[in-house]
Amino acid sequence: FQGIFVLGLPYALLYSGYSGLFLIILAAALCCYTGKILIACLYEENEDGQLIRVRDTYEDIANACCKKLSPKLGGIVVNVTQVTELIMTCILYLVVSGNLLSHSFPYVPLTEKTWSVIAFVTLLPCVFIKTLKIVSKLSQLCSLVHFIIILVVMTYCLTQIHQWSWAKFRLSIEFEDFLVSVGVIIFSYTSQIFLPTLEGNMKNPEEFRCMLNWTHFFACVLKTTFALTAFLTWGEETKEVITDNLPSFLQTLVNLCLLTKALLSYPLPFFSATEIVYACISRGNHSNYRSPLSALGVRGSFLLLTLLMAMFIPHFALLMGLTGSVTGAAMTFLLPSLFHLKLKWKKLSFLEKCADISVFILGFLCSLAGIVCSIKGLLEVFG
């Protein structure tokens, strides 16, 4: 939850004002809710009224919902959506790594693309990752680095507390700017794509809902505190990535920490994407790894694909925004609420049905707005 998106939250407050603070809280509640209903779709009651896990993946849920239309259609749509979002996330980490390296070592005569290739070389061991345990260890290190970054930024902000002013907050906001803020805030919480795998690997899956409540609560508190502290420090001068506001002597340190974080963040989406593809190729026998060479080939191909796309896609940020508006909103809001309504309709109360329908409508509007803004940006870029 505390990903690189967090560094854009103060910038989001610049354009959303007081409503941005409310959005950070609302987004936490909505994403926590859709995470719970998605996992609820994995279970069905047996004859004794006990909940039994009858599905394992997002794909299984989609297939169960679309089985009357086509047994495999739902799974194909979900898998394509998941893999697209995960690959784009991996590419973003490579692009960010190249950008951070070029800014950290400006005196070295290398282009950003060359730096991206250097970052890519450090990620080659990812082809040997076979279990989620290894990924979780890397994610722990990633979290540690992230908190160092947050600590540095907040410590500096607290030294500037004498110039804080609530007058820096906007009362009136522009609609398009507000939509940008909504996208940044909502997608800083998204994790639904990993939840079925995560819940299935927990020692005590019955604690999943409690875990989701606490993680979203603490994520909300940290995001709000960080965004508020940084925005009160720089106000109208707040930059798109808040670390760019830091004095030069701190920027290099933070940039290197961000680079480490980006590289440590790469294995999770990479592992998830390759697992999905290999599961499709081996028709559900991926956990046995009966053909290690085949698994290695899938991972190696994905690794190379992310590098090539990072090197040659122009205007990647805008394309990422367009993809995120489609896949991010679908995986986070649209599909969980739709699947929950489809599979649990007879057992849902009136209020639960209203909640699911409201989330679906909200997700659709966010997605539509994001698509319009991204296409408008692409049209402006291409003249």
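Positions of Cβ are set from backbone N, Cα and C atoms, glycine also.
Going by TrEMBL, these are the annotated features:
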DOMAIN    1-375  domain 'Amino acid transporter transmembrane'
TRANSMEM  76-95  transmembrane segment
TRANSMEM  115-132  transmembrane segment
TRANSMEM  144-166  transmembrane segment
TRANSMEM  178-198  transmembrane segment
TRANSMEM  210-233  transmembrane segment
TRANSMEM  253-281  transmembrane segment
TRANSMEM  293-313  transmembrane segment
TRANSMEM  319-339  transmembrane segment
TRANSMEM  359-379  transmembrane segment
Original post:
Considering pairs 6 or more residues apart, do the transmembrane segment (293-313) and the transmembrane segment (144-166) have at least three CB pairs under 8 Å?
Top reply: no
Subject >> Same-chain residues near the transmembrane segment (115-132), Cβ under 8 Å, at least 6 residues beyond its ends >> reply: 94-95, 97-99, 101-102, 197, 201, 259, 262-263, 266-267, 270-271, 289, 295-296, 299-300, 303, 306-307, 310-311
**OP:** May I ask you to check whether the transmembrane segment (144-166) and the transmembrane segment (253-281) make contact, with contact taken as at least three Cβ pairs under 8 Å and only pairs 6 or more apart in sequence counted?
**Re:** yes
Original post:
Hey, does the transmembrane segment (359-379) touch the transmembrane segment (253-281), meaning at least 3 C-beta pairs closer than 8 angstroms, sequence gap 6 or more?
Top reply: no
**OP:** Report, as numbers and ranges, which residues of the same chain sit near the transmembrane segment (76-95): CB under 8 Å and 6 or more residues beyond its ends.
**Re:** 58-59, 61-62, 116, 119-120, 123, 193, 262-263, 265-266, 269-270, 272-273, 276-277, 280, 302, 305-307, 309-310, 313, 316, 319-320, 323-324, 326-328, 330-331, 335
Original post:
Looking only at residues six or more beyond either end of the transmembrane segment (178-198), which have a C-beta under 8 A from one in the stretch?
Top reply: 1, 3, 5-6, 8-9, 11-13, 15-16, 19-20, 23-24, 27-28, 30-31, 34-35, 38-39, 42, 55-58, 61, 82, 85-86, 132, 216, 219, 223, 268, 272, 275, 321, 324-325, 328, 331-332, 336, 366, 369-370, 373
